[in-house]
Amino acid sequence: MDIATLLIQVTFLTAFSVLLYIIIGMIPGTDETATIAPVTLAFLAAGFDPLLVLAWFMGTIVAFKAADAVPTALAAIPGGVMAVPQVPDALVARKYGYSEILLRKGITASVIGTIVAIAITLPLSFYLAPLGDLLKNPIGPLNWPGWVYLIVAGTLLLAIMSKAKILALLAIFPFAMLVQGLRGLYGHSAFISIFLAITVGPILYELLTLISPNNHHLKRKDYARIKLVRTGKISLNPLHHLTKVEVALSSLLAGLSGILATFMSPVGLTVLFGDLVKESQKDELKGSLMAYAVRDAIKNATYIGGTLIPLIALGVPTGPMSAGPAHPFFAELAAFGGSTPRDVLLQRYSTSTIMLVTIYATLFAAILAYLILIKYSKQLTRFVFKKVPAEALYATFLAIVMVLAYNDAGIAGIFGSILVGLISATFVRNGVSIGILFMVLVAAPYLVGLLF
Amino acid sequence: MDKVSQNLYEIFGEVIAERDFLKAFLITATLAFLMYFSAPQIVKMLGREDLLNALRVTLSALGAFLGFIISTAIIEPKRIVEEE
């Protein structure tokens with residue numbers, strides 16, 4: 001495919017993904033993995049060009065992460081899991097009448113996070129490429145490939161950092177046994193159905209509660225009431241929205257987080273650095289505005305760095321992002337003759353083509369998302385809240401998961417997905433990070449090997 | 001659908017109605033599986049049986065997306081938006 005055709009296709013795909021995921025990102029409760037991973041996997045399992053899917057994926061994460069903070073700023077309702085730490089900052093801003101200013105700061109900071117992350121992590125990932133071979137050869141006392149030690153170390157680190165430390169540590173071996181047990185039953189190394197089951201586990205758990213007699217706590221008498229704050233005309237100039245200190249902190253912490261996300265949790269980094277910034281300020285309002293902006297920059301950067309460094313440099317999913325939403329790129333798929341989309345991507349395209357297309361898709365998505373959100377955030381939020389029912393969205397992702405599970409392992413795949421989904425949800429609801437479960441899924445054969 | 005005749009539940013900060021969810025799920029799952037199982041006929045017609053798995057997945061995702069649009073058109077969101 002020549003470069004001009006490629007860029008034209010990328011333009012259309014990115015524009016489509018930005019528009020679609022701005023809407024999905026604004027809908028409360030839309031988990032990033034549950035809404036991005038099944039579609040990415042569907043595209044790749046269908047054999048679409050991995051570079052085009054990567055461009056689509058970059059556009060999606062940029063738009064999704066920028067958009068999920070909009071309902072947070074305007075209505076103090078998080079658009080997604082990653083925006084949850086921003087709610088307290090949004091409430092402080094609302095108390096002082098700064099919601100509109102907060103909105104502009106968040107959207108602008110997410111663009112800064114995107115630009116810094118792509119500028120640092122993409123060249124770095126090619127520079128680090130020689131490390132990939134080192135990680136693939138068996139080494140050390142357990143004779144595991146290098147990457148397995150990394151992913152197990154990452155899992156332990158995430159477990160120790162999570163709210164439910166002991167439960168998270170206890171979850172590792174039983175969950176690895178569940179994965180390997182199902183694979184034994186299916187008779188092949190199924191991945192898709194188990195991976196998707198983890199992603200939709202929390203939604204599945206809540207929906208199954210609806211048909212249980214113990215669902216009184218979820219019953220409501222009336223519709224959800226959403227208060228939208230007033231906003232006026234917003235300037236398009238990004239320099240009007242952030243202070244110099246906010247630009248500096250957003251850039252610095254986004255760059256650092258983009259690299260750290262290779263092994264560390266995006267949510268963890270957003271909470272950690274955001275809280276550090278907030279606590280460094282004596283003034284409550286100043287601290288909250290700054291923390292909100294910094295968290296928005298980190299969200300985009302961790303998603304970009306956490307995808308690109310493992311994808312291009314290491315070739316193995318070493319962190320929660322690459323073992324989670326971006327994992328379809330590392331899966332061995334029948335559509336690519338049993339190879340991974342990642343290997344096909346690197347064989348089919350030169351370094352310069354991959355860099356050009358990735359940079360173009362990411363920056364185009366960032367600029368488009370910025371313009372749309374800055375100009376139409378209020379109208380879009382009103383449209384999404386008034387027109388898009390949550391029922392339709394949950395149903396769509398469940399249907400995609402069901403059909404892919406069926407494609408992976410037949411009827412058994414669907415039942416297996418329900419089982420994995422419910423067990424994952426039980427862990428997640430009790431404070432175990434979903435990233436731990438993704439990483440255990442990837443390392444399951446090695447972990448179970450230790451037990452026998 | 002009249003809101004008083006439905007059981008409402010709160011999931012992930014969203015209020016959803018039991019029957020509306022079931023309706024949306026039946027629409028999207030039926031369309032997704034219909035498209036999935038129609039793929040063999042379509043590849044036969046095209047004479048490209050090597051594309052079977054790819055087309056199965058693509059068509060079923062398309063079916064689910066169509067289901068999303070239809071459900072969005074016929075189901076009322078359970079939110080009351082108040083502007084300050």
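Start at 1 and count along the chain as shown; that gives each residue its number.
Yeah, the Cβs are placed from backbone N, Cα and C, and that goes for glycine too.
Please treat TrEMBL annotations as automatic predictions, because they have not gone through curation.
Copied over from TrEMBL, here are the features:
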TRANSMEM  A:6-24  transmembrane segment
DOMAIN    A:13-434  domain 'DUF112'
TRANSMEM  A:36-57  transmembrane segment
TRANSMEM  A:107-127  transmembrane segment
TRANSMEM  A:147-173  transmembrane segment
TRANSMEM  A:185-205  transmembrane segment
TRANSMEM  A:297-316  transmembrane segment
TRANSMEM  A:354-373  transmembrane segment
TRANSMEM  A:393-420  transmembrane segment
TRANSMEM  A:432-451  transmembrane segment
> To the transmembrane segment (A:432-451), which of A:6-24, A:36-57, A:107-127, A:185-205, A:354-373 is linked by the most Cβ pairs under 8 Å?
Replying inline: A:185-205
> Hey, does the transmembrane segment (A:393-420) touch the transmembrane segment (A:107-127), meaning at least 3 C-beta pairs closer than 8 angstroms, sequence gap 6 or more?
Replying inline: no
>> Would you say the transmembrane segment (A:297-316) and the transmembrane segment (A:6-24) are in contact under the rule of three or more C-beta pairs closer than 8 Å, pairs 6 or more apart in sequence?
In response: no
> Do any residues of this chain, six or more beyond the ends of the transmembrane segment (A:393-420), have a C-beta under 8 angstroms from a C-beta of it, and if so which?
Replying inline: 24, 27, 30, 34-35, 38-39, 41-42, 45, 178-179, 182, 185-186, 188, 190-194, 196-201, 203-204, 207
> Over the domain 'DUF112' (A:13-434), what does the predicted model average in pLDDT?
Replying inline: 89
